[in-house]
Structure formats: structure tokens, C-alpha cells
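Novice: Reproduced below are the annotations present in Swiss-Prot:
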TRANSMEM  4-24  transmembrane segment
DOMAIN    33-127  domain '2Fe-2S ferredoxin-type'
BINDING   Cys70, Cys76, Cys79, Cys111  [2Fe-2S] cluster binding site
DOMAIN    130-270  domain 'FAD-binding FR-type'
Amino acid sequence: MSTIIFGVVMFTLIILALVLVILFAKSKLVPTGDITISINGDPEKAIVTQPGGKLLTALAGAGVFVSSACGGGGSCGQCRVKIKSGGGDILPTELDHISKGEAREGERLACQVAVKADMDLELPEEIFGVKKWECTVISNDNKATFIKELKLAIPDGESVPFRAGGYIQIEAPAHHVKYADFDVPEKYRGDWDKFNLFRYESKVDEPIIRAYSMANYPEEFGIIMLNVRIATPPPNNPNVPPGQMSSYIWSLKAGDKCTISGPFGEFFAKDTDAEMVFIGGGAGMAPMRSHIFDQLKRLKSKRKMSYWYGARSKREMFYVEDFDGLAAENDNFVWHCALSDPQPEDNWTGYTGFIHNVLYENYLKDHEAPEDCEYYMCGPPMMNAAVINMLKNLGVEEENILLDDFGG
């Protein structure tokens, strides 16, 4: 009996000793106490926080909202900050978005940096103008088969001081959305029924954040307008979950509340006299509309400009009256739509084919100096790649090719 008791006592003492060792090691290895994050050398911008979390979270907790379209997952590469000291070594997860040269300059992804010690950061001053608003849905209407126009009302007395080409981030709570509950007008239901899309559901167990470019321009006051394409599973792989944020947005009804933050952006027009060529497709319409309206309505620009939009069929064209009106009012602006798959009932007599080919064959091929134009584009990835390849073959420098990756 005494042997058994001795064994139990020794085992207990060993466990207690190991616990003490772990606690001692933790006290030495894991930082405790307050952490100070200095920003831009300005004492008034300094943040005091607790160690252990991510830098992106610490900044957001202090009301400093750094853009992160993926919600902190490390996949979008937007939450770049410059860390002068205290950030530790760069992680492999960051190197997909940050070059070795940028890393030497202190570039990091805030969502991947753990807060372990006092830090010294450099942030763009415009970040401090980013705010968060709870908006109200005005409308959420189909503009094409798979694209809705979400129109949000900003709270009374507030404004979002964005520039044309900018974007906001939408926050979605945990939710369970059934596609069968979507409001899809009869004229668009054919493809939905054909591909049996109403069978899908989207269940999200934690809040998510995604970025969308504005379709309105700064002088359309009091609203935020977005073009949102539903991200359904690909036909050849129907078991892939549908897009979480697009499913949530498509479920919104007039009167619902929706939280956004912003403004963010870098897809801004250059302040030059160069000719502007806009190329869009799908939900890439949004920043194109914002830019063109801003140039012609707010700035009263006299720069030569054209807009080339690609759609599948006439049913997928939208804002036609808007652009027709702008073309009628402004001698320096023309716009063209090309259909890649016009239907018999369309009675289409305009351009057909993919928009990069149409743009080249009907304009740039005979342009006296295509390399001198500025090209602004937003659309599906394949369209973007085709347009960029075509422009580079024409000798257009990268500095004159401006791309918004959020569309399509």
C-alpha cells in the first residue's frame, strides 16, 4: 500500500513541477503588460494595447481601420503597413504579397503580425479618415442576371468622403442564407432555373468582411451604390460553397441594416490631359461608372474619353440610359458595348465578340498613339489579362494601365 501511495505522490509532484516549468517559461517568453504602438511619430496617434493579438485587430480596436478585403485571412494582401521596429521577422504567409525588397523597407501585412512588443509604424494619413457606418438598405435590385445594384443610405448628417474609383468594406454577421429566398425578377430566372441555382444555401458561422468598389460618384450624396455579382459554385464543381459575402448581400431587403467602413482606394484617375480609355465587364461596371460620371459631371472634364463594356447578351447590359445621356451631353465622350453571345431576340446590330478584341480592331489598331492613352479597367480576371496583354503588345507602359481587381 505504501508503494502505491508513494507512486501517486511522486506522479503528482512531477506534474506540479512540469506545470511550474511551463508557467515560468510562459512568463519569460510571452509578453505581458501594455504594448505601445507608435504611429507616424505622432504621440497623439499612439495606441496602447495588450499583447497576443494581431496588429490589424489592435489597430481596428483603436478606430484605425486598415483595408482588409479578406477579413484578416492573409489572402488579399491589402492590409499593408510599414513597421520601422518591433514587428519581428516577416512570415512565409506574407511573402506571397510582399517582395524581399519591400520586406527590407519594413512592409508587412497587419493581419499576420503578432503584437508582442512595442512597435513603431508608418501609416498613410488618409487611413485616419476611415470610419464605420451603419447604413440602411434603400434598394437591392437586379441589373443583370447575376448582378444586383445595392443602394445604401448613409446615416443622416454623415458622409463618406470617397474619391471616384474608391471602395468600401462591408461587414456581414454570421448568417444562413437560402438562395430560394432571393428576389430574382422573372426576366432573369431562366438561367437560375437552368443551372438549378435556387438549391444553394450559404451558412457562415462568423463575421466576414469584403471590399466593393463604389458605382456612384462623390456628388451623388447620401448614398453608397455597389454592383455585386453573385458568386455561385462553378457548373463543373457544384459542391464548392457559394460566395459568402455575395450571398449575404443578395439576401438584403429594403430597410435592412448594413455596416460598412471606408473609404479606401488607390484606383484613382491621374490628373493629366491624356486620353482616357475605360474598359469594363460584369460587375466591373461599378468603378467605371464612378470614374466617368465624376469626370464628366463633377470635374466637367474635356479630356477625350471612351468606354468599352463587354456583356454576354443584351439582357446583361445596364446603365445604358446613363451612358447614352452622358454621350449626348458631352462631345468628348463615346461609349460602346460588345456582346459575346447575343441572343436572337436581342436583334443586336452592335459590336460582337470579346471586348479586348473589339477595342483593338475598332479603335486602337488605327490609333495614332495608343501608348499615350491612360487605360482604366475592371472586369473578370480573364478579361483583365487579355486587355493587359493586348495593351502591352501595343507598347503601353505599365504606368498607364490602371486596374481595379475588385470587379468582375
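Cβ coordinates come from backbone N, Cα and C, glycine included.
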Novice: Which number gives the other C-beta atoms within 10 angstroms of the C-beta of Cys111 ([2Fe-2S] cluster binding site), all protein chains shown included?
Specialist: 24
Novice: Other than Cys70, Cys76, Cys79, Cys111 themselves, what residues in this chain have Cβ atoms within 8 Å of the centroid of the [2Fe-2S] cluster site's Cβ atoms?
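Specialist: Other same-chain residues near the [2Fe-2S] cluster site: Leu56, Ser67, Ser68, Ala69, Gly71, Gly72, Gly73, Gly74, Ser75, Gly77, Gln78, Leu109, Ala110.
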Novice: Other Cβ atoms within 10 Å is the metric here; tell me which of the binding-site residues Cys70, Cys76, Cys79 scores highest.
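Specialist: For the binding-site residues Cys70, Cys76, Cys79, the Cβ with the most other Cβ atoms within 10 Å is Cys79.
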Novice: For the domain 'FAD-binding FR-type' (130-270), jot down how many residues DSSP puts in helix, in strand and in coil.
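Specialist: Summed over the domain 'FAD-binding FR-type' (130-270), the classes give 23 helix, 57 strand, 61 coil.
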Novice: With helix taken as DSSP H, G or I, strand as E or B and everything else coil, how many residues of the domain '2Fe-2S ferredoxin-type' (33-127) land in each class?
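Specialist: DSSP classes over the domain '2Fe-2S ferredoxin-type' (33-127) add up to 18 helix, 28 strand, 49 coil.
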